[in-house]
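Copied over from TrEMBL, here are the features:
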BINDING   LEU11, GLY12, CYS13, GLY14, THR15, VAL16, GLY17, THR18  NADP(+) binding site
BINDING   LYS104  NADPH binding site
BINDING   GLU189  L-homoserine binding site
ACT_SITE  LYS204  active site, proton donor
DOMAIN    354-437  domain 'ACT'
Amino acid sequence: MNGNAVRVALLGCGTVGTEIVRLLREQAGDLAARAGAPVELVGVAVRRPHKHPELGDLLTTDATALVTRDDVDVVVEVIGGIEPARSLLLEALKAGKSVVTANKALLAEEGAALAEAADASGVDLFYEASVAGAIPLLRPLRESLAGDRITRVAGIVNGTTNFILSAMTESGAGYADALEEATRLGYAEADPSADVDGYDAASKAAILATLAFHTRVTAADVHCEGIRHVTASDIAAARGIGCVIKLLAICERSPATADSPEAVSARVYPAMIPAAHPLATVDGAFNAVFVEAEAAGQLMFYGQGAGGAPTASAVLGDLVAVARNRVHGGRGARESAYASLPVLPLGAVPTRYHVSLEVADRAGVLATIAGEFSTHGVSIAAVRQTGGAADDGGAARLVVVTHAAPEAALAATVQVLAGLDVVLAVDSVLRVEDLGRKGVAP
Ligand code: NDP
Ligand code: HSE
């Protein structure tokens, strides 16, 4: 063993970990030259060693002992989930090891405790791979844009759900088949409900909002809806108004007004976006994120958002940065939460909506429904009726697209509509987002 090497313990060797080991071995020479010292793998903790015969003596099932071993400088965690990852990383940081992790669930819940532990020991805590796979996004937010004022970070940050929605939109694939394929390709979380119910994207939104707004935002602060309820008819309805459906993560800064202080918000939900919007063409497991900053204007980050090799690329980038700091002394940039802005609830965040209703097709129904929107202060942008019998008493499909309205006002409108005898069913309520682009939504 080289006495000057930066010695790495790897926790987990699944989809991502396997690729980390491969890259560490295949690119050992280049990594050493870039880091200023060999980057040497000295131990790998897994649950089932018999599944990893190629790792030989490096293997252990005792992750706790591994993270505090004297011959370990850096701990790379790709186990996932809260425990035991949380305890292991806190132990590692306390023992003076730098940490690289891809674990967004943990960072979105325990980011403050981990950052505190890293500060206390004066070591690095890097997690580029935790958001948007291979895409360099966190370092630009934390370092390149540190001199600017970010107003919005929005985009597609979950590869699995984007893969599923793309397949449903393009080939008419069924939801279950598309999810199975995304899992087979290594995109999905160990429990894929984290992807399809939006929790994975919500964790990523919390990390993005924390870095962008210098304000601690946790997963619990992020309004979160997944894609389970998106149907083929929603996708067809979106197509009917020139849109596609994407699972979006949106983090925004709201300026102070006479009545309220400056605040931030973070939300995740499936939304219709205009087919002409650049995000609409982001397909498969790719991710894309728009960052808007006062001086820089709009920036777009695009690339592979999931999968073993793309994620390992981001982990290795962090590992080289940590190794350089170990070799040359010093620490990398830390996150800061000094601004401590309040986090708005979803009810206060204005959005546009596409409401699809099955209604009685008779005189006065449209006026009644329009009246309810008006009563609740929700302004209608467009109405379209399809189907319906010519004779009184038939049913028709009514689609109402609104101007931006607070969630709470729309929810109250829909609640009243659902109770009207002329409304036979509220088929779907979907948001419509044009993310700041003018003139493209219906
Ligand atoms: P996998 O489920 O493929 O691998 C998890 C690994 O952790 C396995 O090797 C498993 O061991 C090991 N492990 C589980 N529990 C323990 C434990 N208690 N002690 C020691 N080892 C344990 O996950 P992924 O590689 O897909 O994901 C890892 C992390 O990377 C997660 O945080 C995920 O969110 C994140 N990530 C994943 C991406 C992806 O595309 N897959 C993209 C970006 C981030 P064994 O092999 O013995 O079962
Ligand atoms: N399950 C995650 C996704 C992995 O599908 O985006 C990448 O973080």
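Glycine residues also receive a Cβ, built from the backbone N, Cα and C atoms like all the rest.
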Binding-site residues whose CB lies under 6 angstroms from ligand 2, from GLY12, CYS13, GLY14, GLY17, THR18, GLU189: GLU189
Site of maximum Cβ density within 10 Å, from recorded positions LYS104, LYS204: LYS204
Structural state census, the domain 'ACT' (354-437) (DSSP three-state): 24 helix, 36 strand, 24 coil
Spatial neighbour of THR18 (NADP(+) binding site) that is closest, considering only the recorded positions LYS104, GLU189, LYS204 and their CA atoms: GLU189
Extra residues within 8 Å (Cβ to Cβ centroid of LEU11, GLY12, CYS13, GLY14, THR15, VAL16, GLY17, THR18), NADP(+): LEU10, GLU19, ILE20, VAL46, VAL78, ILE79, GLY308
Other CB atoms within 10 A, centred on THR18 (NADP(+) binding site): 19
Other CB atoms, at most 10 A from the CB of CYS13 (NADP(+) binding site): 25
DSSP-derived structure type at LEU11 (NADP(+) binding site), helix or strand or else coil: strand
